[in-house]
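The block underneath contains the structure these notes are about, expressed in structure tokens.
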Amino acid sequence: MKFETTKNKLHGNAYYQAQFQDPIKFTTGSATPASYNQFIDALRERLTGGLIYGIPVLRDPSTVEKPNQYVTVELSYSDTVSIQLGIDLTNAYVVAYRAGSESFFFRNAPASASTYLFTGTQQYSLPFDGNYDDLEKWAHQSRQRISLGLEALRQGIKFLRSGASDDEEIARTLIVIIQMVAEAARFRYVSKLVVISLSNRAAFQPDPSMLSLENTWEPLSRAVQHTVQDTFPQNVTLINVRQERVVVSSLSHPSVSALALMLFVCNPLNATQSPLLIRSVVEQSKICSSHYEPTVRIGGRDGLCVDVSDNAYNNGNPIILWKCKDQLEVNQLWTLKSDKTIRSKGKCLTTYGYAPGNYVMIYDCSSAVAEATYWDIWDNGTIINPKSGLVLSAESSSMGGTLTVQKNDYRMRQGWRTGNDTSPFVTSIAGFFKLCMEAHGNSMWLDVCDITKEEQQWAVYPDGSIRPVQNTNNCLTCEEHKQGATIVMMGCSNAWASQRWVFKSDGTIYNLYDDMVMDVKSSDPSLKQIILWPYTGNANQMWATLF
């Protein structure tokens with residue numbers, strides 16, 4: 001069913017710039033993994049309004065003028081057959097598409113969409129909204145049963161360009177296009193699955209992880225922007241490929257690196273922000289609430305938890321590492337207060353002094369030296385005492401070892417993750433094109449991704465270590481602290497800086513101490529070498545967790 005909408009005549013430079021900005025183009029006829037990556041990167045760049053905690057974020061709707069609210073994407077089947085999509089840059093939603101001299105708008109498209117998109121065409125309203133619930137109802141198929149891939153995209157472009165009025169097929173086709181364009185722009189996980197599909201020349205269906213990410217984009221964006229001391233005020237629950245729950249409680253959780261674009265929710269008061277978020281925009285934007293004081297566990301070395309020794313709260317009792325208990329118990333629960341104290345049962349995590357090696361204890365907050373009770377939790381998993389510049393460290397590898405403060409060397413023993421689920425995050429790690437990290441004895445290299453292979457399963461611990469599920473006593477380790485050092489498997493017992501990694505929002509796996517990233521040597525997987533190398537942004541340094 002088609003309904004012609006009202007077409008408005010527009011004037012002004014703002015309209016001209018928005019309407020006639022070149023569309024971002026992707027040609028399916030000669031598509032390669034590289035050309036698809038270039039397309040998605042260009043779309044992400046066009047949609048990005050700034051960075052919050054280093055993660056690209058869309059524009060604040062309150063700062064966007066209506067004529068500048070939309071971007072266009074051109075998808076080509078051939079030199080003569082193509083369609084265009086209209087995308088709302090405040091939420092990355094597809095709101096309309098153009099097929100020749102006609103254009104079609106979702107029923108729930110913003111009122112301004114038909115005013116500023118495809119104005120030289122005959123405009124029609126589709127009989128359904130652009131959300132998955134409505135699209136699946138009209139398609140008579142769920143997303144998980146609709147195949148994605150290059151051929152599905154090509155046939156979808158050809159079908160929409162034909163002008164056929166089969167609403168069921170239109171809805172099904174739009175489900176394909178929305179996921180391969182908009183969702184891929186939002187999530188590295190999705191774009192990586194498409195790249196693997198292009199490499200294999202094989203169709204794929206959305207897995208539980210992909211669907212889970214699509215369904216939780218807004219809650220995950222909200223949680224990141226409301227982060228307090230690296231901790232989400234509310235957990236976000238994802239589903240992995242094995243249909244298991246993955247509880248995400250902190251900004252440093254590796255699954256957060258799947259986010260390539262966030263929905264704008266609010267500006268964190270103290271977040272590191274990009275210059276793109278200019279002062280006048282930030283001043284107009286909504287500021288996140290800062291009243292959250294989450295109560296969480298703190299997981300660290302070897303997956304053990306920060307614990308008040310013997311559950312004794314007398315002043316001076318040491319803080320130790322202990323096995324995380326099956327139930328949430330008070331001596332392993334810590335409230336992250338807005339005054340920068342970290343409290344268990346109302347008493348403060350306190351450093352005995354400001355020299356390396358001083359032990360950390362529980363102490364009455366009102367009688368302790370205030371500066372000894374203050375801590376900052378960074379988004380790389382570091383917990384630092386601002387007065388001394390020293391960091392919380394687990395020097396002993398044994399359960400029951402007393403925590404101390406030490407010089408910040410970004411060692412594995414100095415890595416932490418907050419949240420009530422501090423268990424290791426189990427995932428495959430996809431890298432250069434269609435290949436995944438695979439463990440072999442003391443070595444690691446890339447092979448064709450197969451989530452059923454145990455060699456491709458990795459456990460990412462709260463301390464920042466990456467361990468093969470086959471043997472979690474081994475850690476991915478750079479052999480030397482220098483450019484070109486090979487990354488191998490070594491025992492985790494030393495908890496070195498060479499064994500601590502951060503999954504960054506730019507798609508890299510980053511070593512904090514060396515300020516370098518994992519790199520497929522010479523972009524040649526046949527060499528079977530992953531090395532440490534300065535950041536270049538090239539495809540051989542891009543990784544994604546496939547959990």
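Just so you know, glycine gets a Cβ as well, placed from its N, Cα and C.
Per Swiss-Prot, these features apply:
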ACT_SITE  E183  active site
DISULFID  C305-C324  disulfide bond
DISULFID  C348-C365  disulfide bond
DISULFID  C436-C449  disulfide bond
DISULFID  C475-C492  disulfide bond
DOMAIN    422-546  domain 'Ricin B-type lectin 2'
REPEAT    345-385  repeat '1-beta'
REPEAT    514-547  repeat '2-gamma'
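Cα to Cα, the residue listed as 'active site' and C449 (disulfide bond) are separated by 21 Å. Per-residue pLDDT, averaged across the domain 'Ricin B-type lectin 2' (422-546), gives 95. Beyond the repeat '1-beta' (345-385), the same-chain residues lying 6 or more positions past its ends with a Cβ under 8 Å from any Cβ of the stretch are 53-54, 227, 229-231, 251-252, 298, 306, 308, 313-319, 330-331, 334, 336, 339, 391-392, 402-408, 410, 414-418, 462-464, 502, 512.
DSSP assignment over the repeat '2-gamma' (514-547) gives 9 helix, 12 strand, 13 coil. For the pair C305 (disulfide bond) and C348 (disulfide bond), the Cα-Cα distance reads 16 Å.
The Cβ of C324 (disulfide bond) has 21 neighbouring Cβ atoms from other residues within 10 Å, across all protein chains displayed.
In this structure the alpha carbons, written CA, of C449 (disulfide bond) and C348 (disulfide bond) are 47 Å apart. The disulfide-bonded residues examined here are C348, C365, C475, C492; by Cβ neighbour count within 10 Å, the least packed of them is C365. Reduced to three states, the DSSP call for C492 (disulfide bond) is helix.
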